[in-house]
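All remarks here apply to the structure that follows.
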Amino acid sequence: MTRRALADRAEDDEAERVEPLGPDDLPFNPYKGNRGVTRAWHAMKNSISGLRVAIREESAFRQELTLAAILLPCSVVVPVVPVERAALVASVLLVLIVELLNSSVEAVIDRISLERHELSKRAKDFGSAAVMVALGACVLTWTLILWPLAPALAAWLAQSAK
């Protein structure tokens, strides 16, 4: 046998060893073909698209983004230790993350059906409650970190106003 014939036979043997899809195997998805840097690039484009849609379509996200635009610079200039600064930033980002997840749950529910259903209402209420908990955690974090600094912050603000 020639080398080419042996190579062809090895390829045929390899092809025969591939098992068919089982009941737990997912079928081939043509949209999942990207790998490596290409996958990361497409993921980043989709993420930016999602942020644009959230800013354009979701008023609650716009309100929380405005709050973040105020609080994040404040977290940089307030005189706290780095761990506390990280907690301030993380609490604000958590609100944005939970709002995006809540918006995605609402979008999926609306895509399934626009008619009123108890389970749809419950899912939307859970998402709304998650946003409320994240906002509460943000307020609590900022209060616990800044409350002991209130006299010093008042003096600092008065001094910087001069």
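Even glycines carry a Cβ here, placed using N, Cα and C.
TrEMBL has this to say about the protein:
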REGION    1-27  region 'Disordered'
BINDING   Arg39, Glu58, Glu106, Glu115, Arg116, His117, Lys124, Asp125  ATP binding site
BINDING   Arg39, 60-64, Arg85, Glu99, Ser128, 142-147  substrate binding site
BINDING   Glu58, Glu106  divalent metal cation binding site
ACT_SITE  Glu99  active site, proton acceptor
TRANSMEM  129-150  transmembrane segment
Taking the Cβ of each of the binding-site residues and counting other Cβ atoms inside 10 Å, which one has the highest number: Ser128, Thr143?
Ser128
Those binding-site residues listed as Arg39, Arg116, Lys124, and which of them has the most Cβ atoms within 10 Å of its own Cβ:
Lys124
Give the distance between the Cα atoms of Arg39 (ATP binding site) and the residue listed as 'active site, proton acceptor', rounded to the nearest whole Å.
25
Out of Glu99, Glu115, Arg116, which of these recorded positions is nearest Trp147 (substrate binding site) by C-alpha distance?
Glu99
Fill in the CA-CA distance, Glu99 (active site, proton acceptor) to Phe61 (substrate binding site), as an integer in Å.
6
Compare all C-alpha positions of Arg39, Glu58, Glu106, Glu115, Arg116, His117, Lys124, Asp125, the record's ATP binders, and send over the largest distance in angstrom.
38
In whole Å, note down how far the CA of Phe61 (substrate binding site) lies from the CA of His117 (ATP binding site).
25
Taking the Cβ of Phe61 (substrate binding site) as the reference point, list residues of the same chain whose Cβ is under 8 angstroms away and which are at least six residues distant in sequence.
Ala54, Ile55, Leu96, Glu99, Leu100, Ser103
Based on DSSP, name the secondary structure state of Glu58 (ATP binding site): helix, strand or coil.
coil
Could you tell me the C-alpha distance between Arg85 (substrate binding site) and Asp125 (ATP binding site) in angstrom, no decimals?
31
Counting other Cβ atoms within 10 Å of each Cβ, which of the recorded positions Glu99, Glu115 scores lowest?
Glu115
